[in-house]
């Protein structure tokens with residue numbers, strides 16, 4: 001868990017540094033930083049999709065995942081619940097920034113592969129690299145959205161910790177297909193978040209979060225019953 005703890009600390013430290021900078025940044029500079037973060041999220045999302053979709057063995061799984069996950073998220077109304085919770089502590093656009101931070105920090109090859117490598121081989125390279133990148137990203141995000149970005153560190157710790165424990169318990173269930181499908185869906189969510197920040201269209205990205213749970217379930221069923229497609 002050392003790598004996950006390091007990653008978490010880097011996000012908190014970066015958020016503190018960025019939050020301090022925010023107090024001295026004029027509105028027009030904050031606006032341009034928001035645009036920069038929006039474009040960065042769009043680019044990262046497109047990169048994840050184009051990099052992993054060609055290697056997918058289940059080319060329609062991401063569509064099914066988004067449809068089922070979106071319906072579940074809409075029924076629960078995660079977006080509304082999340083915004084209400086965040087708005088209790090902040091009247092700014094922190095909710096939008098925090099949701100983007102959670103997606104950027106948690107959905108990516110390094111953030112998923114890192115805990116797996118640490119659990120199975122004791123290799124922290126991915127997590128340490130991810131921690132450095134997330135630290136820099138959190139500085140930029142917090143300089144735009146404020147100290148509240150640090151809350152994403154708790155989500156990341158829970159996310160990576162869960163993957164770490166799952167990898168230890170279910171070593172044989174972890175494979176490249178699973179990571180590939182999760183990354184494709186995650187890339188679409190990051191793209192959606194970036195478009196929302198840019199103001200192109202306000203997508204209910206958080207309502208799509210349950211989509212990330214569908215690929216593990218489907219792939220587990222496929223392997224458990226030896227299904228072929």
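Glycine is treated like the rest: Cβ placed from N, Cα and C.
Note that the coordinates shown come from a computational prediction; the quantities given were computed from them, not determined experimentally.
According to Swiss-Prot, the feature transmembrane segment maps to 1-21 (among others). For the transmembrane segment (1-21), the residues of the chain that approach it from at least six positions outside its boundaries are 105, 111, 114-115, 118, 124, 126-128, 130-132, 134-144, 146-150, 152-154, 156-157, 160-161, 164, judged by C-beta separation under 8 angstroms.
Here Swiss-Prot flags 32-52 (among others) as transmembrane segment, drawing on sequence analysis. Counting same-chain residues at least six beyond the ends of the transmembrane segment (32-52), those with a Cβ under 8 angstroms from any Cβ of the stretch are 25, 97, 100, 103-104, 107-109, 140-141, 143-144, 180, 183-184, 186-199.
Look at Swiss-Prot and you will find 58-78 (among others) tagged as transmembrane segment, backed by sequence analysis.
Beyond the transmembrane segment (100-120), the same-chain residues lying 6 or more positions past its ends with a Cβ under 8 Å from any Cβ of the stretch are 1-4, 7, 11, 37, 41, 44, 48, 126-127, 129-130, 133-134, 137-138, 141, 145, 149, 152-153, 155-156, 159-161, 163-165, 167-168, 171, 174, 179, 182-183, 186-187, 189-190, 193-194, 196-197, 205, 212. Residues or ranges marked as transmembrane segment in Swiss-Prot: 100-120 (among others).
Annotation comment: Swiss-Prot describes 139-159 (among others) as transmembrane segment. Sequence-distant neighbours of the transmembrane segment (139-159) (same chain, 6+ residues past either end, Cβ-Cβ under 8 Å): 4-5, 7-9, 11-12, 14-19, 21-22, 25, 30, 33-34, 36-37, 86, 89-90, 92-94, 96-98, 100-102, 104-106, 111.
Taken from Swiss-Prot, the feature transmembrane segment covers 178-198 (among others), and the record attributes it to sequence analysis. Among residues of the same chain six or more beyond the transmembrane segment (178-198), those with a C-beta under 8 A of the stretch's C-beta atoms are 34-35, 37-49, 51-53, 55-58, 61-62, 65-66, 69, 96-97, 99-100, 103-104, 106-109, 112-113, 116, 205, 208-209, 211-212, 214-216, 218-219.
As annotated by Swiss-Prot, transmembrane segment applies to 206-226 (among others), with the evidence given as sequence analysis.
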